[in-house]
Amino acid sequence: MINPETRKKLRRFREIKRGYYSFLILAGLLGLSLFGEVLVNSRALVVSYEGSLYFPIYKDFHPGTDFGESYSYETNYRNLQARWQKEGSDNWLIMPPVPYNQFENHATGSVFKPEPPSMASQHYLGTDTTSRDILARLFYGTRIALLFAIAFTVAVYVIGIAVGCAMGYLGGVFDLFFQRLIEIWSNIPFLYMVIIIFSVVPSTFSIPTRIVILLTVMVLFSWTSMTYYMRTETYKEKTRDYAAAARVIGASTSRIIFRHILPNVLSTLVTFMPFTVISAITAITALDFLGFGLPPPTPSLGELLKQGTATLRTAPWIVTAAFGTLVVLLTLVTFIGEAIREAFDPRKFTVYR
Amino acid sequence: MNHPSIIASNLSRGARWLIAVSVVSLIGCGGSDEATFPEHDNTAEVQAYYANNPEFFVFSSINQLPSDLAWQNGSHLPDIGSPDAVKGGTQYSSISDFPRTFRTVGPDSNGSFRPWLLDSNTVTLAQRHPDEFDYYPGLANEWAVDRENKTIYVRLATTAKWSDGVPVTSDDFLFMFFFFQSEYIVAPWYNNWYSSQYTRITRYDDHTFAISIPEAKPDMDSRVLELRPVPQHFFSELGDDYVERYQWRFAPVTGPYVIHDDDVDKGRSVVVTRNKDWWAKDRKFFRNRYNPDRIQLTVIRESAKVFEAFKRGEIDQYGLNLAEYWYEKLPNEDPDVQAGYIHKVQFYNQRPRPTYGLWINSSKPLLRNQDIRIGINYATNWDLVIEKYFRGDYERMETSSDGYGEFSHPTLSARPFDIQKALAAFARAGFSERGGDGILVNSDGQRLAFTLSTGYEKFKDLPTILKEEAKKAGLEFRIEVLDGTAGWKKVQEKKHDLHFSAFGVSLEMYPRFWETYHSDNAYDQAFLADDSANPDREVKTQTNNLETLAIAEMDTMIDAYRASDDKAEMIELAHRMTALHHDHASFVPGYKQRFYRAGFWRWVRYPSFFNHKHSSSSGSYFVHWIDPALKEQTMAARDSGRSWPVEIKVYDQHQ
């Protein structure tokens, strides 16, 4: 697949520093978030108890009794650490840099209320209205949003490319039929459809199932726009000499589409990718903000934004954190998109106005 | 199964709004907004209905009125409100949604706007005095109770008028029964209530009548005295098209405020105007109340925005019941409070408390097991919610019938959060092992997980706290936050596992049990002939028995309680039923609030005692008044920096 032409484009992408670094940062963030449990978690990284080592993070829960506590529910490692330190015990444990998970209510005072960022309590971005750590919620919320956006983009592209190519290449009645179908389908307002469909999904489904349903519904109403571009591009490429030549040699339809036409329309595809990612992130954030997205207590940017706007006066750090994250995320994706467009532009010296 | 209706019923408010908008726009395309209806007059039909039900509608003459009746008129009761109150000014308030109809019964009518059309804006025959509990006269001048014949006699005030000037007569009460018994109004609850809870109305003359009821309860007078007449002259067009015909028409009221058609800005605001010729304006018990000339009700959907509007002075008062508002959004140190512009008040009241708690649907497979329900009770950490979320302001509710004085159980208390007891109870039900995530599983691998739903958006954080705590006892709550209508629909269809909700309770002498605990409201055929559970029984929907509680012993007690006219016996029964309900463990009592809190700008004035003992919010009984001069002064002071002494008051005379 990597022909010299593509390699040249990738090289040019690397030369556009702003986009390239944005890409590195975003990829780094994504990679980091995949191992987020090591960074942001209420479970200890390592516990040394009575001579043996425990690594609780990716394992089943340890009841408190495992470490000499009196309770049978999940060990509170922060308290355990504090106790051992106080007793001067030989046992020790190491907590992650952010020792909170995204669900627990941890108030440093006596009541649940938003607390401002504090290094001492290790709530680096403060806490939300029920004293949950904002950094933890942001972190896991962003991870869900990013993974969601990637899954969304892949799904939309697979469907969009398949249908669009088929329309452009096969043409005729098939093209005509699908065009009409898409015209009708794409006139259904997407956000409202998501809201309507998602509000009838019973809550007995587990949270991952609900996320998959939400994804499916969003993909169902979003693949259409991709087909337009693919159809036009395929239509155009199909009439080019090289495509005709391939046909004359006797190449099969699938070979022509996948080996000859697709690589040539790649630039169109790649250019739109960042916008698809952005639309997925904003859509899921908007849905959460409206209260139709992921079920509580799933952490999400939209939910934090909503809390933040309701407590604008009393806890500005909530909205700042959520809004800041969203801005950074979308700016990075936009920079990448800009760089990709420029790198894949055959006219190297034009200026994007 | 009627599929579309299910989808529609589950639509969120946003989606419904969307559909409503699209429907409106379609109608809009059709041309005129004002639909015309064929002429209709039901006078003959009403007369025929009376004639066909001679047992119910009795026409007598004034000579037949028993002469040995003991008439009462509540004249010994003190005035309501303060004689200092001054009429005038405009009050600015908000409503969360524009009303979907101006009807007071039928589809969509039971919304947050209805108090302005009915509850606080019509006068009943007599009303409970907000300090004394006894009745003071409303539309009635006097009344007499005949316990032996289960009948209440009423003499109407001859001066009583509808807001359109037509006198209120006995005929409006006869018509009231026709109206509420008719199928035109599409309101089965009213059909049932007005057919089954009253047995007869006897008309003696234009202003004298009597109403009979099936049982002589200790508070039998309330059944009749709290009735509101229906204006016969206005509903002369009542027919099959009632729902559409009366959709946007204001019925005349007997209360102090009227709504003029041009004061309605659809979707945005409604202004109610004080009726200067109100028939009761100089009557004792009414003369010091309902003071603002105009009340502007603006639609503001989000409570955070309402609060911002309040802080700008565009809304006069704001309820500060939530700790977040009392302590953080409007703390005592707030500049507007410190400058004396905004006053803060905490008022201890006395009335039955709304039943906030978790309603467990005991018809669901695992929840049928009493041990699991007991475990859930012990695994629900309300104490933490009260201490940390409500900041210790509220108290634990002990039973589902707190606040009824001697009718409440004197010693029972709610089960505290206790992990050991919860685990022991779950173990009895076969859940003794914890799975990899700490949630209990039984030998079949079934997890101990239930959906905890709620229709309270403002309390959406509360279930998340309970969830985290329940996890310690190996119990998982899956949270579902719905909007109010969808949440209510869910429990009415009995589709919930556990639901966090409360029944609003009105000022009554004793708690009701039939609605919530009788098997008639749980299953179609709850028991077999020998009182054992019927294996083929089907859950009954659209009732308030949210626990699908069906115990033969409870039924027997409820029937005795409903039939009893002996107060001591009723108290004893109430205690036994409360204890049985506690043992059944299908309700996790939540919290109760013994006061209400409010913030208001200094141009809103209150009596020196603030409000009456049974008031439920600062606006109850309309004892406040608006001082336009103070408003002007305050607004100017905000620019000039002038300030007044801080006013943060706690009224604990009824604590």
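The backbone N, Cα and C atoms fix where each Cβ goes, glycine too.
Features of the protein shown, as given by TrEMBL:
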- A:20-40: transmembrane segment (TRANSMEM)
- A:144-172: transmembrane segment (TRANSMEM)
- A:146-338: domain 'ABC transmembrane type-1' (DOMAIN)
- A:184-205: transmembrane segment (TRANSMEM)
- A:211-230: transmembrane segment (TRANSMEM)
- A:265-294: transmembrane segment (TRANSMEM)
- A:314-337: transmembrane segment (TRANSMEM)
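If you count C-beta pairs under 8 angstroms between the transmembrane segment (A:265-294) and each of A:20-40, A:144-172, A:211-230, A:314-337, the highest count goes to A:144-172. The largest share of C-beta pairs under 8 angstroms with the transmembrane segment (A:211-230) comes from A:144-172, of the ranges A:20-40, A:144-172, A:314-337. Here the transmembrane segment (A:144-172) has long-range neighbours at 29-30, 33, 178-179, 211, 215, 218-219, 222-235, 238, 253, 256-257, 261-262, 269, 273, 276-277, 280-281, 284-285, 294, 298-301, 329, meaning same-chain residues at least 6 beyond its ends whose C-beta is under 8 angstroms from one of its own. Sequence-distant contacts of the transmembrane segment (A:20-40) (same chain, at least 6 residues past either end, Cβ-Cβ under 8 Å): 13-14, 57-58, 96-98, 100-102, 135-136, 139-140, 142-143, 146, 329, 331-333, 335-336, 339.
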